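Below: one structure, written as structure tokens.
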Amino acid sequence: MRRLAASGAAGAAGAAAAPAADSTDCAQGRSPRPRRLIDLCALWDTGVSSPAAGWKRASGIARRRLNEAETLSSVQEAQLERLEAARPGRLGSGERGPVLRMARQPPPPSVHAAILLCLLSLSGAIEIPMDLSQPPTITKQSVKDHIVDPRDNILIECEAKGNPAPSFHWTRNSRFFNIAKDPRVSMRRKSGTLVIDFRSGGRPEEYEGEYQCFARNKFGTALSNRIRLQVSKSPLWPKENLDPVVVQEGAPLTLQCNPPPGLPSPVIFWMSSSMEPITQDKRVSQGHNGDLYFSNVMLQDMQTDYSCNARFHFTHTIQQKNAFTLKVLTNNPYNDSSLRNHPDMYSARGVAERTPSFMYPQGTASSQMVLRGMDLLLECIASGVPTPDIAWYKKGGDLPSDKAKFENFNKALRITNVSEEDSGEYFCLASNKMGSIRHTISVRVKAAPYWLDEPKNLILAPGEDGRLVCRANGNPKPTVQWMVNGEPLQSAPPNPNREVAGDTIIFRDTQISSRAVYQCNTSNEHGYLLANAFVSVLDVPPRMLSPRNQLIRVILYNRTRLDCPFFGSPIPTLRWFKNGQGSNLDGGNYHVYENGSLEIKMIRKEDQGIYTCVATNILGKAENQVRLEVKDPTRIYRMPEDQVAKRGTTVQLECRVKHDPSLKLTVSWLKDDEPLYIGNRMKKEDDSLTIFGVAERDQGSYTCVASTELDQDLAKAYLTVLADQATPTNRLAALPKGRPDRPRDLELTDLAERSVRLTWIPGDDNNSPITDYVVQFEEDQFQPGVWHDHSKFPGSVNSAILQLSPYVNYQFRVIAINEVGSSHPSLPSERYRTSGAPPESNPADVKGEGTRKNNMEITWTPMNATSAFGPNLRYIVKWRRRETRETWNNATVWGSRYVVGQTPVYVPYEIRVQAENDFGKGPEPDTVIGYSGEDLPSAPRRFRVRQPNLETINLEWDHPEHPNGILIGYTLKYVAFNGTKLGKQIVENFSPNQTKFTMQRADPVSRYRFTLSARTQVGSGEAVTEESPAPPNEAYTNNQADIATQGWFIGLMCAIALLVLILLIVCFIKRSRGGKYPVREKKDVPLGPEDPKEEDGSFDYSDEDNKPLQGSQTSLDGTIKQQESDDSLVDYGEGGEGQFNEDGSFIGQYTVKKDKEETEGNESSEATSPVNAIYSLA
């Protein structure tokens, strides 16, 4: 593709050569010397720049030209390609197509995707149908810088639509351009396009200037861009006599071209006076400025002369400068052609070797400015012996491989479609075996204005509100100017329904009279943008704008979007339904956009069916249907594999494809990402590509492209043909490594409400590639002077879009990181404050806890600067008791806590905390459950102590009736005791869920006293006390263990001992008296015959004592009472009838008397007589 463009130009240039100051006119066929006419006209007329002319025809001419001349340099190729791509069609010839490269090469998949997305976006826009009244809209206009051919009529385009159809008028240099007064100027019918006709004479230069078109109807006026009209110029080369150039062999040389200035600038190429192209290589090459550079001059360089040629675009002429002749001074005048390929050619010719030095640019550093979207061309041309090699690097990152390419034998680096990321420091390294030098180029990217938010037509119903937004960015930042119907807004009649706020116009309660066309003009020193947007006020029921019952075919598992263009005012709401039933499709796998388009995120088989869109507003409704068919994807299931082949062998690359049978399949091949020409050595089949007799030129990547009308699949393999491969070396590998230098020159661009682009120039990486950049920010409201990490980016970028929060005054800095460490932070950027907005979140960690028994403290984590979103951040605190129908209590708080007073003890509350600033309230907050303050709990219920055996004691209890908070546990205190003796107190703490405890007794004798209480965060509550039961032998054990020391016990024992002593005395007395007596007592009353004691003439004293005597009375309680008793010693001692027995014992009357006394004593003296007491015991 590039070879074709270069060959065509070379062939044309090699056909003939015009002398200096001669020119050629292809259009009119005029030439002072037809023999030397360069046949450029043939090239243009073949349609090389037009796809309609066909590839074969153009390539045939190109091949013929190729036989006449060698290939031009890459600089010439690129210039010619850009020239052909930019050439417009001539008047009357119709519009030209794209350049041949686009005609030959099918667009890559990314292009298809971009076109599809673009069409989807356009189809989603709501436009007013042409049968409805509407202000004018510009639909076509000439480019801003309009350069015309002086031999053609001038055409300045301006077309517009509107209802009623608009009328047109023009200004030239900001003054009304009266077309009627100039017979050469006319306006096309139903159009505003100007035609300036020079067939009857006149000079086109007289019409140069700045033109602007106005399209007007009764609803407003739309404006075109300001079109700068310039006539192409191709001035003649000044005549000059050039002396021979004398130079020493091995020295550097520059031959300057200095072409005459043209409009546009001419394309430069060098040829000999015999019209032979100058052979160029890394030693001899043409610079971007047109000069011819020799890194070192050799003797063979004076075998030809050197002529600079300038090709002028619009006039299609080539002008030739007088030729330079060289005279080379040498130490070896013998020119042996065999030395040209000698490995040490310079030494063989006696040329001294020297280190590289730069011919262009000079010095060690330079700078370059480029506009965003343009191409950046960096150039380094060096001298030296041997010829230096050039390598390119970018400090702090890699070259952008997707848009960077090397030209002119690596002496030039071109980066296409420059963006802010491409700014930074680049350096070229020129090296040969004698040494190396480098040149640093600092690149800064500026920008003409470009749209961030272009104003769009506003369609409103009467009484509705709306806004027009005009937001653009550039470097420097552009200014914004509003106009209405082509007049400055300041001079327009006042409109109470309209308010201007910077880049936004706000409309409130619009009426029919509010219709107009507004213009937004944004400009800086590098250019301007002008946009028209009308405000239309209509009352229209819904209507569908697309054909009915469309068929849409999509690939399985892809994302797709179904469009349903509609119109209505007020803007209708659109809903989607599938197969005429079910609910509105939105959510899950479906998403409905604001313009009504339905997106299906991932197509499945079951998504096939009929989709109905229904548009509704207050005036009615309309509907349309779309039928969706789901197709299987195209897949290469057997892909070509990388292969290594020897020259002359046969290679087969497989490519087997599976696709939907209802779709037509096409399989094609690319080589090195270019369409593959299938020659006679290749055979293409449905599932393979065969290459016979492999040659070195067959080496490269082969891509199989399987495509249908809906999708495509690609598979790539690399074919290696065995050959020697040179391995480049990294000249920086051996250098010492260090931490990177700090980034510098931070710049903020693309300023938007929620984002900004930060661009920086990387510092020197100090021979260790930068792996990461850390972007930090600081704000001056909440934490001034404190830097926070914002984001992290790979080391290959030096520009990034930063997402911002509203109402933060940002300042940024950048830190570079490599494997050695981190750089020092860069100097801070300028500050950028984002506009405010209502909060998008609420504070986190909302809690409600009591600090006292009658309050609840509500706390939360305050929001930081990046979440405040506006000034006067405050919090709306709401609370109410849970599970009640109470109304919400609320308070506004500026801090991070609020205390609710006079609350019951430990009751649940519902709590909400909502953020609010001066722009509005945050989203509805979540409800959090909190509790008021806790108190001491009541005593545990049903405290039970059981002793199943002598070794263990079991305790059980129930939870308190009134916990008064969250129980955090129980405290059990117990102590052993034995009488008055107490053991050591033991404390046990239990979890709040534990209600049982088993204790092992230390000994089987002691008892235990237990005290149990519940605990909350406030403390331990009321306690309950119980003791363990006494063991069965506790009384005996107590007497043994402790009673013997008691006083009362000692007295009792003494009494018992006395009684025992008395009993012994009684027993002794009884023993002394004997049991039976032989002497019978004479009584007044004889014994009865039933008395058993009388049988043997004896008397039992012991038995008789318990029998009542004769003559006594028995009382009611069974006691015997004596009638009278006059017991005294006189009865025994004075003259009684008592007598003594033979051993001196007193018997007789005493005995009888004594019996009487005893009988009476039982009745009357029992309590007072000690003797009686003793006898009673005996």
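Cβ coordinates come from backbone N, Cα and C, glycine included.
TrEMBL: automatically predicted annotations, no manual curation.
If you look up TrEMBL, you'll see 1-21 marked as compositional bias 'Low complexity'. Per TrEMBL, compositional bias 'Acidic residues' is recorded for 1092-1103. The compositional bias 'Polar residues' feature in TrEMBL is assigned to 1109-1122. Taken from TrEMBL, the feature domain 'Ig-like' covers 136-232, 238-325, 356-444, 449-536, 541-629, 633-715. According to TrEMBL, the feature domain 'Fibronectin type-III' maps to 742-837, 842-935, 939-1035. Annotated region 'Disordered' per TrEMBL: 1-31, 825-850, 1079-1178, in sequence order. What TrEMBL records for 1048-1069 is transmembrane segment.
DSSP labels the residues of the domain 'Ig-like' (541-629) in these numbers: 3 helix, 50 strand, 36 coil.
For the domain 'Fibronectin type-III' (742-837), the model's pLDDT averages out at 91. The domain 'Ig-like' (356-444) is in contact with the domain 'Ig-like' (238-325), judged by 3+ CB-CB distances under 8 Å for residue pairs 6 or more apart in sequence. Taking residue pairs at least 6 apart in sequence, the domain 'Fibronectin type-III' (939-1035) and the domain 'Ig-like' (449-536) share fewer than three C-beta contacts under 8 angstroms.
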